[in-house]
């Protein structure tokens, strides 16, 4: 029997889906991402969404100003799609290297998505332009109709939105973000080279029982919501198979403690401090460490047409305890796995 690995050395990873917020929150959370990842796809759903080139440039600078000295980190900016977005502005941002991708939020699907798209038809000229440019479309894949159960939103989205869109725009590059269901895993697996997916650590590690049985755990509440065990297992099997169009996207989404631990709490897991170690634990449990580097560091650049990072990151088998909380101005953040012990650590 082979002894378990004590060190995992991988090309420096990227985070293909992260929320860095703004203001004091931005300054607090950026170092947890910039310390480990070479690049990150930054979500545009600020209180005033990022819909113009100038807004993206200004936000990128605020992010860079929050990166500690010695961290080599490149934020990759995204444009928030709205029904009224100017396709020429989007194209200008893409050609100038400001926008790496554009994000489709169905209206009211998640945090700060009230400005989102009411129907795909409303933005079809923009999507057609993106297809011609080879610009990736990042999709929060849930319908938001009042008559659709929250646990069925993703599966319904595939049938009613995603598949018709991909049939219409056959060469549009699409990232089905933070997939959570067996349906989505199978859909992406069966898709062509224009379709990829990101998967979060929480959806690989937990299911809805973990969030709801024995008391509600608000720090596991995120959108798309955790699903039943069969869906969690499908995601684990997808990444363990070495499937090359699935890659790391933490969806790290910080909210202050008082906005999570309340009668109507916000959705999102702040997992940046422990995400890479969490992924490593999952791959180890699935006897799939041979595919860990590709998931973290190779598959994403391949899909986006970007070079692989030149640096390296080492994880060591050294247990560490995740902090119970992290100071935030006049409040605090409770990180994913707060107070728990993880068996891998990133070597400093």
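Glycine residues also receive a Cβ, built from the backbone N, Cα and C atoms like all the rest.
Taken from Swiss-Prot as is:
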- 17, 19, 103, 251: Zn(2+) 1 binding site (BINDING)
- 19, 20, 21, 45, 140, 223, 255, 267: substrate binding site (BINDING)
- 103, 140, 178: Zn(2+) 2 binding site (BINDING)
- 103: N6-carboxylysine (MOD_RES)
- 251: active site (ACT_SITE)
Let's check the environment of residue 103 (Zn(2+) 1 binding site): how many other CB atoms sit within 10 Å of its CB? 27
For the binding-site residues 20, 267, the one whose C-beta sees the most other C-beta atoms within 10 angstroms: 20
Provide, as an integer number of angstrom, the distance between the C-alpha atoms of residue 223 (substrate binding site) and residue 103 (Zn(2+) 1 binding site). 15
What number of additional C-beta atoms lies within 10 angstroms of the C-beta atom of residue 255 (substrate binding site)? 26
Length of the line joining the Cα atoms of residue 267 (substrate binding site) and residue 19 (Zn(2+) 1 binding site), in Å: 12
I'd like to confirm something. Which of the binding-site residues, 103, 178, 251, has a Cα closest to the Cα of residue 20 (substrate binding site)? 251
For residue 251 (Zn(2+) 1 binding site), list the number of other Cβ atoms lying within 10 Å of its Cβ atom. 27
Relative to the mean position of the Cβ atoms of 17, 19, 103, 251, the recorded Zn(2+) 1 site, which additional same-chain residues have Cβ within 8 Å? 18, 41, 42, 43, 45, 138, 177, 178, 249, 253
